[in-house]
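Structure, as structure tokens:
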Amino acid sequence: MKAIVVNPPNKGVHVKEINDIHRSLTADEVLVKTIANGICGTDRGIVSGLLKFSRPPNGKNDLVLGHENLGQVIDKGPEVHGLGKGDYVVSIVRRGCGKCSNCLAGRQDFCETGEFVEAGIRGLDGFMREFYIDNASYLVKIPDEIVDIAVLLEPLSNVVKAYSELMLVQRRMTWWCKDGSYNCRNVAIVGSGPIGLMFSLMFSIQGFNAFVLNKRDPFPIEAEIVEKSNAKFINTNKDRLPNTIDLLIDTSGYPSAFIPLMSRLNKNSAIILFGTTGGEKFEVNADLITYLVENNILLFGSVNASKKDFENGVNYLTIWKYRYPSVLNRMITRVIKPEQAPEVLYTKPKGEIKTVISWV
């Protein structure tokens, strides 16, 4: 079968024929036909050779790329319940170490040993291939009503997790407004990629005032999505920023993009660091640290998601499709065939929000 493979940590990507579906299913396994994969910055980081933590499975030279996925059940083992042939599914990405208490409790996104594997990223083949076998416990069933946007579920699950973490830690004090809503709270989201736009949707629907920040004017599709979600796009090179910020979310990974905004943070506010990149150096002085301390400002990083976050993401996709018709579909800016993937993985097309590989 056809697959898109890399040889991390080396640079490069190619489409090749592989033959790794050559055994019978165990009782709790499922055979899945891949329908679509999303392409994200992590995939491009692996292809470029910049993500040095990426590695193939033990005993293999190549890694099948791809962690954003949508598939359809083709066959299943006799002990698989709740899934039937023809059902649409999304596989979760991270698989636990099997040792620490978090992994044993289904929260591999908080693995304490670091011995986890991640499909298409480190130690486990991913989903950019025609078929794959997975344990049923790692699959999330997708309602037919959202199949057209379900390839967005994996990135959304990360947003769902970060939002739930924020609401948990902000219970340290009264954070809602006098009327019990959040309409007095300003959220500044640095970056207007798919994750930034999903954060915008998440906080807008919860009643926050969401601002999407970039150092340029929005592309037409970005402007449309932000406007329809009742958020506001800000070009930080020319537009006025909100006077105060109650939540700062960085999806860019560039310190120079978000650290200068910290001085605008309100008392008792929070910072979520989501984006990752390498190389840039940016000075943080003692005055800024003092400001964070004296104003009870909380900072935390967030990565990956649990199966429950995926399941909650299904609910959000269902609600958003009804609340914001066409917005989520517009995030998928290009659909390509597997043979076209290497070119797009090397170079991000201008105006891209989400490029999707179609296997059907």
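These residue numbers are counts, starting from 1, taken along the chain as shown.
Using the three backbone atoms N, Cα and C, a Cβ is placed for every residue, glycine included.
For CYS40, HIS67, GLU68, GLU154, the entry in Swiss-Prot reads Zn(2+) 1 binding site. DSSP assigns GLU154 (Zn(2+) 1 binding site) to a helix. Neighbour list (GLU154 (Zn(2+) 1 binding site), Cβ cut-off 8 Å, at least 6 residues apart, same chain): GLY38, HIS67, GLU68, ASN69, VAL90, ILE92, VAL93, PHE310.
The Cβ of ASN158 (substrate binding site) has ILE195, PHE274, SER302, VAL303, ASN304, ALA305, ASP309 as same-chain neighbours under 8 Å, each 6 or more residues away in sequence. Sequence annotations record features per position, and here Swiss-Prot assigns substrate binding site to THR42, GLU118, GLU154, ASN158, ASN304 based on sequence analysis.
Sequence annotations record features per position, and here Swiss-Prot assigns Zn(2+) 2 binding site to CYS97, CYS100, CYS103, CYS111. Under DSSP, CYS111 (Zn(2+) 2 binding site) is assigned to coil, being neither helix nor strand in the three-state scheme.
Marked as NADP(+) binding site by Swiss-Prot: SER192, GLY193, PRO194, ILE195, ASN214, LYS215, ARG216, PHE274, GLY275, THR276, SER302, VAL303, ASN304, LYS348. The Cβ of ARG216 (NADP(+) binding site) lies under 8 Å from the Cβ of ASN235, ASN237, each of which sits 6+ residues away along the same chain.
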Minimum Cβ neighbour count within 10 Å among the binding-site residues PRO194, GLY275: which residue?
GLY275
Using DSSP and collapsing to three states, where does GLU118 (substrate binding site) fall: helix, strand or coil?
strand
Where's the emptiest Cβ shell within 10 Å among the binding-site residues SER192, SER302?
SER302
Quick check: of the binding-site residues listed here (CYS40, THR42, GLU118, PRO194, GLY275), which one has the Cα closest to that of CYS111 (Zn(2+) 2 binding site)?
GLU118
Using DSSP with the three-state reduction, classify CYS103 (Zn(2+) 2 binding site) as helix, strand or coil.
helix
Out of CYS40, CYS100, CYS103, GLU118, point to the one nearest ASN214 (NADP(+) binding site) in space (Cα versus Cα); all of them are binding-site residues in the record.
CYS40
Under 8 Å by Cβ from GLU118 (substrate binding site), same chain, sequence gap 6 or more:
HIS67, VAL93, ARG94, ARG95, LEU124, ASN304
